[in-house]
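Q: I'd like to ask you about the structure that follows.
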Amino acid sequence: MPGVDISFLKKSGRRTMAAAAVIALLGGCGADAGSEPATTAASTTAPSAATDAATAEFAALEQRFGARLGVYAVDTTSGAVVAYRADERFGMASTFKGLACGALLREHPLSSGYFDQVVRYSREEVVSYSPVTETRVDTGMTVAELCHATITVSDNTAGNQILKLLGGPAGFTAFLRSLGDEVSRLDRWETELNEVPPGEERDTTTPAAVAANYRALVLGDVLAEPERAQLRDWLVANTTGDQRIRAGVPAGWTVGDKTGGGSHGGNNDVAVAWTETGDPIVIALLSHRTDPAAKADNALLAEATRAVVTALR
């Protein structure tokens with residue numbers, strides 16, 4: 001069967017080239033480079049020296065920005081962990097979108113032609129912030145194009161179409177359970193899933209849980225190498241995270257990430273960041289405020305990233 005037509009990825013330019021460079025670098029490390037056994041249990045390890053060094057800085061950031069901040073980061077080479085409120089719940093928001101496409105990649109190899117199928121949807125199904133899908137109602141979009149849109153520009157209608165293919169929020173949650181994540185849950189669709197006031201458990205995750213899920217899909221053996229490489233391509237091509245984790249890592253690092261935003265100033269970013277030598281660090285930053293009208297502040301996540309990098313390196 002024909003492979004997936006991903007010619008539209010060429011529009012990503014520099015990010016797509018960066019993804020190729022990362023994969024080439026990993027490819028020099030072994031036959032199944034970049035893959036590690038999936039360890040997806042959603043819990044932190046014992047506090048490490050790295051966590052101790054960063055805790056005061058995270059608390060100071062919370063005070064300065066008036067936000068609650070959750071952090072989980074792991075240097076997958078050294079095993080060092082930074083954790084802060086890592087098992088507390090935050091709104092998942094659009095961070096689900098990369099995981100949802102990972103779920104499809106697990107069930108449908110690229111060579112199957114599944115991602116070439118055209119999905120059609122009505123004008124009535126188009127929700128707010130859908131910059132790609134709103135222009136394609138007449139033609140529909142392939143599954144691959146929907147994944148590209150929902151990851152790289154966080155198109156909400158594309159996210160809902162991917163959820164439909166998975167059996168809705170319940171099907172997505174079942175996928176997370178299959179990874180060993182007994183914590184995260186998705187209950188609603190875009191855009192209602194972004195309404196997560198303090199104390200709400202619907203549509204939530206924890207920094208430790210979401211980091212474990214992205215680690216399993218991007219670095220683990222949940223996906224075969226072609227599908228893992230495709231997911232990395234989409235994440236590295238993301239255009240919505242330049243002021244978050246990407247702004248806090250050193251020059252020369254390559255970041256593949258998925259952002260999210262919601263009510264109460266909710267602001268998230270989950271990433272795999274490859275150092276200049278190709279060593280992967282998984283970083284999950286989740287945040288929110290008590291004021292339902294609060295605005296997100298990307299500087300909080302950028303500064304938290306700098307603290308993570310300092311503690312781990």
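Residue 1 is the first one shown; counting continues down the chain.
From the backbone N, Cα and C atoms, a Cβ is placed for every residue, glycine too.
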Q: If Swiss-Prot says LYS258, THR259, GLY260 bind substrate, which of SER154, SER178, SER184 does it name for the same site?
A: SER154
Q: Please give me the recorded positions out of SER94, SER154, LYS258, THR259, GLY260 that lie within 10 Å of GLU190 (active site, proton acceptor), comparing Cα atoms only.
A: SER94
Q: Under a three-state reduction of DSSP output, how is GLU190 (active site, proton acceptor) classified: helix, strand, or coil?
A: coil
Q: If you draw a 10 Å sphere on the Cβ of LYS97 (site 'Increases nucleophilicity of active site Ser'), how many other Cβ atoms land inside?
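A: So the Cβ neighbour count for LYS97 (site 'Increases nucleophilicity of active site Ser') comes to 29.
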Q: Would you mind checking how many other C-beta atoms are within 10 angstroms of the C-beta on LYS258 (substrate binding site)?
A: 27
